[in-house]
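Colleague: Okay, handing you the structure first.
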There are 2 protein chains.
Amino acid sequence: MVEIIDGKKEAKHLNEITKQHIEKLAKSGIVPGIAVIIVGHDQASERYVRMKDKKARSLGIYSIMKHFENDISETDLIKSINELNHDPKINGILVQLPLPSHINEQNIIQSIDPKKDVDGFHPLNIGKLFLNLNEQFPVACTPKGIMTLLAAYQVNLNGANVVVIGRSPIVGKPLLALLLNANASVTCLHSHSENITLHTKKADLVISAVGNANTLNDNHFKPGAYVIDAGQNLDINGKLVGDVSYDQNSKNIGFITPVPGGVGPMTIATLMQQTVEMCEWSHVE
Amino acid sequence: MVEIIDGKKEAKHLNEITKQHIEKLAKSGIVPGIAVIIVGHDQASERYVRMKDKKARSLGIYSIMKHFENDISETDLIKSINELNHDPKINGILVQLPLPSHINEQNIIQSIDPKKDVDGFHPLNIGKLFLNLNEQFPVACTPKGIMTLLAAYQVNLNGANVVVIGRSPIVGKPLLALLLNANASVTCLHSHSENITLHTKKADLVISAVGNANTLNDNHFKPGAYVIDAGQNLDINGKLVGDVSYDQNSKNIGFITPVPGGVGPMTIATLMQQTVEMCEWSHVE
C-alpha cells in the first residue's frame, strides 16, 4: 500500500505556526505585509493571486495587490516595484510570472530589493542559497515547502540518494541547493537526460518537477522509494494531475505526495511563512 | 593506454588567445588591470599570488598587489577593496583566500563590486551562473578552465552522465551549474555520500575535487570514462598529487588530467582570460 502524504494537513499546521508568529508580532504593533503585482488578465494567474491575497488576509497579514494592464512599460513596472521597496509596510514583494513578452523578466526580478524578494528568485538570493550562507535570506517557496514536508515525515536526507527531475529556477535548481545543503547526494535530470530510470531506480527519494503527466510510473522506482510529485498538469479532461501515475497498489512507491493536495498547499503556506519571517528578520536587524 | 590530457599545452593556447585580445585592446589605448589582495604570510598563498602577478605582467596586463599584515581589520580591508572598486584601471579584484579568522570572508567577498569579481565568488555571480542568465558575468576560474579543457577535447556533455565529487563554492558548486547549463545529467557527491562507486561506475565523466590523495582509482570507473582530477594534494614525500591514483595501464580510464600539469595551469590561464573579458565587458556597456 502506497502511503499518501497529506499536504493539506501539513499546510494547515504550518499556517497555524505562522499565525502564532503573527500574533506575537502584533503585540509589538507589527503587521507583516505582502504586495503582489500582476500584469494582464491570465485567468490562472488571477485566480492564484486572489488565493494568495485571501490566505494572507485570513492570517492577519497586510496584503495589497497591484494589477496592471498588459501594456504597462518595463520602466513603469520597475517604478512601482521601487515604491514597494521603500514602503515600510511591505516585507515581501511578489511579481506573478509570466510577464508579457515586452518586459524583461530578469530586469523585474532584479529590481526587487533582495531583502523583500519573498519568492526567492533574485540571483543574489539564489547565490546565497547555493553557497549555503549562514545568514537569513528568502528561498523559493515550492522547494522550501517540499523540505518542510520531508522534515515533517522525518525523511533522513543525510547521505541519501536523491534524484531531482527538472532544473527550473523556481523548483528544480533551488531544490538541488537545499538537498545538497541537507547533505544528500543529488542527481539533477532534465529534458536532455538519457535513461532516467538508470538514476531513479537507485534513488531513495525522487522529486519530479517536470510538468508532464505520466512522466514517471511505479517501474521507475526502487521498492520503498519516497516520491515527491511537484508537477501540476491538466489532463485531457481538464483535471489537475501530477507527473507520476500510480495507484494504491503500486509496489515500489513507499510514499508519495498527491496532486492536488500535496506540494501545492505547502507552497502557499510557505509563502505566508516566509512573509512573516522576512518581517521578523527586518525587525531584528 | 590511458590518454593524458595536456593542461599546460591548452593553457599556453588559451594564453595566446588572451594575448591577442590584449593587443586588440591596446590599439584603443585600453590596458586590462587586475588587483590581487593578500593578507598575511602563508608561503603557498604568497607563491601563488606572485605567480599570478608574473603571468599577468608577461601578458601585458596591468597588475598590482596589495599585501597586508595579518592584523589588518575587516573595515580597513573593505576600505581598500572599495578604492579598487572605484579605480578605473582595475577590471578584476581577487582576494587570496583563506583570510585570518577575525575577518568574515563573506563580508569581504560581498564588498567586491560584482562586475570586478574576477574570481566569480560573489553570491550574485553564483546566482546568475545557476540561473544560466543570458548576460556577461565572471565564473570561478577552476571550473571555467575545466569547461575549456573539456571543449578543447570535444567532450560531448549533452545528456552525458557526469559525477562531480566535492561541493566547494570554488570548484564543485560552480561546476555543477556549468555542467547543468551544458545539458549534462549531473550528480553531486561529497563527504556525506555513501557508495560513491554506485554513481561513478555509470558516469561518462567524473570530476574529482575532493582534496584527498587516492580518493579514486581505476575500479571506480566504467571502461572509457573521462576523468578530470581537480585535486591538489601533497603526498607523504611532499610531492603534488591529485585525487585519483592510476597508471598508464589502468583499464577503465579513457583520459585523465594529470596533477600537476592538468587543471592547475588552466586555472591561472582562465584568470588571465577572465580579467581581459571583464575589461572588454566594461567597455561595451
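Numbering starts at 1 and runs along the chain as displayed.
Cβ coordinates come from backbone N, Cα and C, glycine included.
Just so you know, TrEMBL annotations never went through curation; they're auto-generated.
The structure displayed is predicted, hence computed values, not measured ones.
As listed in TrEMBL for this protein:
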DOMAIN    A:5-119  domain 'Tetrahydrofolate dehydrogenase/cyclohydrolase catalytic'
DOMAIN    A:140-280  domain 'Tetrahydrofolate dehydrogenase/cyclohydrolase NAD(P)-binding'
BINDING   A:Gly166, A:Arg167, A:Ser168  NADP(+) binding site
Colleague: Which residues of the same chain, at least 6 positions away in sequence, have a Cβ lying under 8 Å from the Cβ of A:Ser168 (NADP(+) binding site)?
Modeller: A:Ala209
Colleague: Within the domain 'Tetrahydrofolate dehydrogenase/cyclohydrolase catalytic' (A:5-119), count helix residues (DSSP H, G, I), strand residues (E, B) and coil residues, in that order.
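Modeller: Summed over the domain 'Tetrahydrofolate dehydrogenase/cyclohydrolase catalytic' (A:5-119), the classes give 60 helix, 19 strand, 36 coil.
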Colleague: Under 8 Å Cβ to Cβ from A:Arg167 (NADP(+) binding site), same chain, six or more residues apart: give me those in sequence order, or none if nothing qualifies.
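Modeller: Same-chain residues close to A:Arg167 (NADP(+) binding site) (Cβ under 8 Å, separated by 6 or more) are A:Lys173, A:Leu176, A:Cys188, A:His190.
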Colleague: I need the neighbours of the NADP(+) site defined by A:Gly166, A:Arg167, A:Ser168. Which other residues of that chain put their C-beta within 8 angstroms of the C-beta centroid, in sequence order?
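Modeller: Near the NADP(+) site, beyond A:Gly166, A:Arg167, A:Ser168, sit A:Val164, A:Ile165, A:Pro169, A:Ile170, A:Val171, A:Gly172, A:Lys173, A:Cys188, A:His190, A:Ala209, A:Val210.
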Colleague: Relative to the Cβ position of A:Gly166 (NADP(+) binding site), how many further Cβ atoms are located within 10 Å?
Modeller: 24
Colleague: Using DSSP, what is the helix/strand/coil residue split across the domain 'Tetrahydrofolate dehydrogenase/cyclohydrolase NAD(P)-binding' (A:140-280)?
Modeller: 48 helix, 31 strand, 62 coil
Colleague: Average the pLDDT scores across the domain 'Tetrahydrofolate dehydrogenase/cyclohydrolase catalytic' (A:5-119) and report the rounded value.
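Modeller: Overall, the domain 'Tetrahydrofolate dehydrogenase/cyclohydrolase catalytic' (A:5-119) comes to a mean pLDDT of 97.
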